[in-house]
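To start, the structure itself, in structure tokens.
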Amino acid sequence: MKNFTSVNDITDLEALLASAQKIKAAPLADNALGQHKTIGLLFFNPSLRTRLSTQKAATNLGMHPIVMDLNADGWSLEFEDGAIMNGSKSEHIKEAAQVISQYCDIIAVRSFPSLVDKEKDASEYVLSAFLKYATVPVVSLEGSSEHPLQSVADALTITEYKTVKRPKVVLSWAPHCKALPHSVPNSFVKIMQLADVDFVITHPEGYELNPEITQGSVITYDQDAAFKDADFIYAKNWSSYSDYGKILSTDTNWTISSEKMALTNEAKFMHCLPVRRNLVVTDAVLDSPASIVIPQANNRTFAAQAILKKILEDAK
Ligand code: CP
């Protein structure tokens, strides 16, 4: 593995999850692998889990992490080739990516979409520029249209908690007061398509994800029908993709409640976090034994460590 910016970069999901499980059992076993190596964690947006778990993963591998909030601490970056830089942007990504590559053996970047310019967001111009100009491996800490490290943690969690060989996994839209990106659901869909699960997506009309990503997956507008016999409910809000970035519904009938969970096969409740209580999901569900959001967040470390380990090994 050279870079990890999409679920598409996973060549063998089973082997990756087995590696993550092995790492979880002995997190410091490969402590020498990253010795004298540095990872730069560059954030254009806020983070709790991704920032801390990736630092933890890198440290477990013996790496030295450098974390930078690019909006607060860096020069304002220009990404457009050929731009006449007589405005607010002080440094071009061409220099910045090459310079950071001299300090870091891996560059990891978080850059959310605008949710205004669909074409620009789809181009993943920030991650693409790092891929183009950096001379070291690049890892996504969540881009415009994918959050692949999250999805590896999600798949690992399902592997750990499943009680049948082929569990039914439901990705359910849930209401939210802000327009949110499609990155988490997109990567979750992609990784569930690689996994041995019975996968169903449910959302209100108008909330169809990118059809190029969901093609082949079962989609229903009937949340109650989707929940029947489910072993895992993965809740997530996202804004409209067709009416790009818009909030079309805040219908609290879609909130994950105890009544909704009662329709399932005693399903486990999952969410990537952060989650808005009593909007996306009720306190009763989040505080119940069915909720596995805390161990799911814990798995972010081992998912990230499995990816960093593979990149370090393949770079040898
Ligand atoms: N799930 C997730 O990516 O959390 P953070 O935004 O806190 O990193």
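Even glycines carry a Cβ here, placed using N, Cα and C.
Feature annotation from TrEMBL assigns carbamoyl phosphate binding site to Ser47, Leu48, Arg49, Thr50, Trp75, Arg110, His147, Pro148, Leu149, Gln150, Cys272, Leu273, Arg300. Annotated N(2)-succinyl-L-ornithine binding site per TrEMBL: Glu142, His176, Lys236, Arg276, in sequence order. The domain 'Aspartate/ornithine carbamoyltransferase carbamoyl-P binding' annotation in TrEMBL covers 2-160. Per TrEMBL, the feature domain 'Aspartate/ornithine carbamoyltransferase Asp/Orn-binding' maps to 184-309.
Neighbour density at the Cβ, taken as the number of other Cβ atoms within 10 Å, is lowest among the binding-site residues Arg49, His176, Lys236, Arg276 for Arg276.
Of all Cβ atoms in the protein chains displayed, 26 besides its own lie within 10 Å of the Cβ of Glu142 (N(2)-succinyl-L-ornithine binding site).
Checking the binding-site residues Ser47, Arg49, Leu149, His176, Lys236, Cys272 against ligand 1, the ones with a C-beta less than 6 Å from an atom of that molecule are Ser47, Arg49, Cys272. In space, Glu142 is the closest of the binding-site residues Glu142, His176, Lys236, Arg276 to Arg300 (carbamoyl phosphate binding site), judged by Cα positions. Taking all protein chains in view, 25 other C-beta atoms sit within 10 angstroms of the C-beta of Arg300 (carbamoyl phosphate binding site). Put simply, Arg49 (carbamoyl phosphate binding site) is 16 Å from Lys236 (N(2)-succinyl-L-ornithine binding site) when counted between their Cα atoms. Cβ-based neighbour count (10 Å, all protein chains) for Cys272 (carbamoyl phosphate binding site) stands at 25.
Taking CA atoms as the reference points, Leu149 (carbamoyl phosphate binding site) and Glu142 (N(2)-succinyl-L-ornithine binding site) are 8 Å apart. DSSP classifies His147 (carbamoyl phosphate binding site) as coil under the three-state reduction. Counting every protein chain shown, 17 other Cβ atoms lie within 10 Å of the Cβ of Ser47 (carbamoyl phosphate binding site). Over all protein chains present, the Cβ of Trp75 (carbamoyl phosphate binding site) has 12 other Cβ atoms lying within 10 Å. Secondary structure at Cys272 (carbamoyl phosphate binding site), taken from DSSP and collapsed to helix, strand or coil, is coil.
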